[in-house]
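J.: Here it is, the structure, as structure tokens.
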């Protein structure tokens, strides 16, 4: 099996991992709220349950990323982390699957090292679309899982426990797929565009036999010093704290605010649809399915758009759409007026706008973050980014869980955060680009 085949098989396996995470979310989330109601738990317990998953991922993400940076391998990390997913499903303990989710930082670090900067946003969009495809497929499994009512050894399988047992079996099958199809392929060499280090079989002499040194002219020492000092980006100096640089702070803030608002809305949606529209488990599953269709189309749109414009433009468009969506929800959903049909129509429009902006922000900020941080420590850097996102997914459900009856306060905070990151983006817009030293190297390669 050659390098390209190994790479395609590996990317296919990564897509399956994200697909399965989306299926898990769509299968389990719609049943959590009803299960908590049977236990007579207050609404904020929904936020606590969702936050427990993110807490362990927040702590383990940087550790898994550092592990992959040191060993330059991710296959072992994925196999190890999946064990936590399997055990967590059997014991319904949300902290354990969260540990398994921490391997995502290693995967994003691997994707950064295995792709060229100009194609990276498209690859990230495709991988994220796989998760949304899982959100689309997941509700179909709920159609038969909700009918389960039998005993499987020591496990009682009913409409509340069957999703966990089903996902346990799916993660076990995934282990065999990873063993067979995942390869720790070598990274793309920075000196050879699109060529992996492992594919280079022979060295090419710097000076050909028919050429002389005079062909290349003479470069003065002061010219070399001036060129290097003007092109070296701050992240090339390991002594500097790259996570405190302006552009990195902006992208980490965008990551936090996006996921905070997304998880807050997800926490609010299920109680809102039940209270206002009488939606049950089946209706909520169908709603998540339709949301998955929209987001998948959005990721394909971003995949195409990323080839036409810069990542920072995509990010700006996404923030504008999310801000409009938040204003819409604040006006029409916080204090609904009119009949059932009008309320349902305004709710659908608000959800549509919110989901439309999500792919723009999600893909662009991940792609930009991979370009403005050091490539050699991408695993750890992506772990830090995902930890910031994990913190947001902890605070978002906690914030929304206790404010399902006070949407003005909940949505007002979300809008304030969006306005803040928009101002930060405007002030730092010129810095949200790929480092000059990388761009210069790529242009030199293309010109040869």
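Note that Cβ sites are derived from N, Cα and C of the backbone, with glycine treated the same way.
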J.: Between 123-144, 189-210, 211-232, I'd like to know which one TrEMBL lists as transmembrane segment.
T.: 123-144
J.: Which is it, of 84-103, 164-183, that TrEMBL names as transmembrane segment?
T.: 164-183
J.: Identify the transmembrane segment range according to TrEMBL, selecting from 260-280, 407-427.
T.: 407-427
J.: Are there 3 or more C-beta pairs under 8 Å linking the transmembrane segment (407-427) with the transmembrane segment (123-144), counting only pairs at least 6 apart in sequence?
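T.: The answer is no, given that the two segments have fewer than 3 Cβ pairs within the 8 Å cut-off.
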J.: So, do the transmembrane segment (164-183) and the transmembrane segment (12-33) meet, by the test of 3 or more Cβ pairs under 8 Å (sequence gap 6 or more)?
T.: yes
J.: With pairs fewer than 6 apart in sequence excluded, do the transmembrane segment (313-334) and the transmembrane segment (340-363) have three or more C-beta pairs that lie under 8 Å?
T.: yes
